[in-house]
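Comments concern the structure below.
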């Protein structure tokens, strides 16, 4: 009787399993190249955005009745930072340094801040139609500004911007208290914001109609529609500092914001402190919006439309979306301000009118796209 040798198959199977697991642990070269390509694309987009912003600022400053060139603009800036001499007259130097440059820089800051806040609110509330003013901040700022300009609260010691900022903070606190008292949640935050907006809008209308004369009413309404005509270096430094700190804070929690877009439960299961992140982002958004509205008035559609344009370019990941949105908003507002002050020169139109004329068709496209995807 011949004995057949036993075939051992367990060892080869184990070896195969080991090979498979080792291959699974080895990162795919294609995945690494994809990440590298994605980062390179983001870097290229950000570099192009920064270049477009610098060129836009220089070009739009030259637009107007004064005879200025891009070289003159750069020469004035270099002279004021201690490099060389521009060779321009004091009048031309003042037009660039005291009038147009602060206004253009404030326009860029407002565009960047409002667009950034719009992207954050749309992600936090998981609503593509959310914007920075959904928390009632714009209406509160309007009420504060009207109380200072029309009623005269502060006896002249309080500026219009200070009153607007105080009103925005009060409105935000009221909306947060109302939302928290009703149990919190995305839907309740939106409803509380709608209620706060209506309340402070009614107060503003009542004060203007009962206390203001025709000239005061015209000035208040012009400011309420958005105006950068009174911009100075103090506004630029204040709003720029608040916006820059807000961008840094938001980028620091970009991964948590990615998780929040899938819902609070999913984010919590991934280890995200949902309540802390939501409070942080809502507070940052409120402070940025309050500072910008107090300096430039309520400028609509920037925070609603531009985040969608940025998502189309770089996708929904917030480490890419937030800086791209800020750059797009800055470039957009620089050109909007140039249009507002030169389209019907010497008559200036409110910035909010121009953004609305551009934003409404874009908003209609968003609604049409949402209808197709649904």
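Cβ coordinates are placed from backbone N, Cα and C, and glycine is handled just like the others.
Note that the structure is predicted; figures quoted are calculated from it, not measured.
The following features are taken from TrEMBL:
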- 40-61: transmembrane segment (TRANSMEM)
- 103-121: transmembrane segment (TRANSMEM)
- 133-153: transmembrane segment (TRANSMEM)
- 165-183: transmembrane segment (TRANSMEM)
- 189-212: transmembrane segment (TRANSMEM)
- 233-257: transmembrane segment (TRANSMEM)
- 277-309: transmembrane segment (TRANSMEM)
- 321-343: transmembrane segment (TRANSMEM)
- 349-368: transmembrane segment (TRANSMEM)
How about long-range neighbours of the transmembrane segment (165-183): same chain, 6 or more residues beyond its ends, C-beta under 8 Å? 135-145, 147, 189, 191-193, 195-196, 199-200, 282, 286, 289-291, 293-294
What residues elsewhere in the chain lie close to the transmembrane segment (349-368), defined as a C-beta under 8 angstroms and at least 6 residues from its ends? 107, 128-129, 222, 225-228, 296-302, 304-305, 308-309, 333, 336-337, 339-340, 343
Are there residues at least six beyond either end of the transmembrane segment (40-61) with Cβ under 8 Å to its Cβ atoms? List them, or say none. 68, 70, 73-74, 96, 100-101, 104-105, 108, 313-314, 320, 323-324, 327-328, 330-331, 334-335, 337-338
